[in-house]
Amino acid sequence: MNQRGTHVLRLDALARVEGEAALRLRVEDGSVTETRLSIYEPPRFFEAFLTGRGHTEPPDITARICGICPVAYQMSACQAIEDACGVTVDGPLAELRRLLYCGEWIESHTLHISLLHAPDFLGHADAVGLAREQRPAVERGLRLKQTGNAILEQLGGRPIHPVNVRVGGFYRTPAPEDLRPLAERLRQAREDALETVRWVAAFDFPDAECDHDLFALRDPGRYAVDSGTPAVMVGHDQGTAPREIQLAAFEQHVQEGQVPHSTALTATLDGRRYLTGPLARYAINGRWLHPLAAEAARDAGLGDPLTGAVCDNPFRSIVVRAVEVVQAVEEALRIIDGYEPPPRPAVEVPPRQSLGRGATEAPRGLLYHRYALTEDGTLTEARIVPPTAQNQKAIEEDVRRAVQARLDRDGPAADDDELTHLCERAIRNHDPCISCAAHFLDLTVEHT
Amino acid sequence: MSGRVVVIGVGNPLRGDDGVGPAVVEALRGRVPNDTVLVVSDGEPARMLDLWRGADTVVVVEALRTPQARAGELHTLTPAEAAGHARGTASTHAFGLGQCLALGEALDQLPPRLVVHAVEIADVALGAALSDAVRTALPELIDRATASVRQANERHHEPS
């Protein structure tokens, strides 16, 4: 033990984390006794805002919750409304939705890997320093991300807050020749994605492990993105069978509670702390990766996904994300190669008095929506359970462990700067999307 | 030189004064030549670098938060001035315009001409409209952005 007395560390603004958050850490006599992640999270505002709106509006309104993962919000919203109305969207329309979602995975993951997370491993304060030293790697990341943007722009109508998505499908669907230039870019992106896996796999990773329950959609036969049943894996032993939870029973298992220090609700699954996102998806869906992505995972030291390998070092989540980018690129190419235009851009979704639920895999993890509709389609209730609120307890536990491990280490005591950096890293491992909110430039101006 | 002029309004219209950039972009429609590219962005750096690729002149309109908080006060900044204030940002992506410009500079991806018009803001509450102070400053901010577009076009059409 190298720290005596009580010590409180506060991080009021976390760097390189999407959204707004703060962390408070209490150390008493060398033990971490409290970690509190405060999240300022707008979905609650949106839940209230949606009430009274029409049943076709949630995809457009909820897309505004996040500029990094608007497609996730749109897809969970569409599925929930379609579930309420008893409509199934399948065939080419479902494939196009999945293609759009792949674009978002590529874009969001690559932003995090190349610009936000990599500087942690390479001793840079931010992406600017990294760009000066490793320009080709940052350029590769930007190129890859722009390919994701191009998919969003082609299918979504514009790169942020897509406007072409509607309940039942799309307003306009592309002709096969519209998608050909995307396929060209994706073939280049495949090389960039594989190179990115090799790049991050060579980083130096701190020893760490987590024991959270893992929670992800499971869709036997394919790596879950926008389909499947929620499944939880308790214990990280390779080959542990996940237990499925019917979507209709989601809120009986996932319980959200209010804590005073955060505007986000914090969730437990059957009363236990759990993690959603890349580590959970990889453990539960790894065996259904495309061969190229599975090979990249094996070569990167993530074990053999085909036999249910689990990665439980949160610092290695950057490698899993990089593998998921390869997967998204492969999946996007598969969809474009087999694309035949649907007969209509959307199916009719007539309203009825009902309750509907939808869940998809946002880049950061499982995103659940539930809506109650009246006969004429007016929304009387909306419920949104975003991944970061689900991960809050897991992130706090990771921070506690990381700091405790540092305090337990022999040698010079850690100063606040070192602990701050360590906490930020432990949080960034989960790419928390504390939601897109305001975006402004901080500036000191001297008025005379 | 392409002569291409891009105006980027950075911000989130659902966050009070943070919506000032998008509000200026809306106001410019019909006031600037039709070939001016008018876009709204959340300021995410890869998208920003994409938006100004191939542009001759970029005009960025941005909300500014300062410790002094003199809401409504206007600033016109060069890229170097804006990039110089990259540190200590509390912006949501933790990757504000300042860092975006610094990244563009590090990668040699800054456009030949870039100017930032900014206004100090008061409130970024969810769903709120622009504050009185920022609304009062809006016409002058629109005029500054319009003037930048006009100057860029005059420069381009000058006989060389």
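Glycine residues also receive a Cβ, built from the backbone N, Cα and C atoms like all the rest.
The local packing around A:Glu47 (Mg(2+) binding site), expressed as other Cβ atoms within 10 Å of its Cβ over all shown chains, amounts to 18. Marked as Mg(2+) binding site by TrEMBL: A:Glu47, A:Ile384, A:His439.
Neighbours of A:Cys66 (Ni(2+) binding site), defined as other CB atoms within 10 A of its CB across all chains, total 30. The Ni(2+) binding site feature in TrEMBL is assigned to A:Cys66, A:Cys69, A:Cys433.
The Fe cation binding site annotation in TrEMBL covers A:Cys69, A:Cys436. Its own atom aside, the Cβ of A:Cys69 (Ni(2+) binding site) has 26 Cβ atoms within 10 angstroms in the protein chains shown.
Around the Cβ of A:Ile384 (Mg(2+) binding site), the number of neighbouring Cβ atoms within 10 Å comes to 23.
DSSP gives A:Glu47 (Mg(2+) binding site) a helix state.
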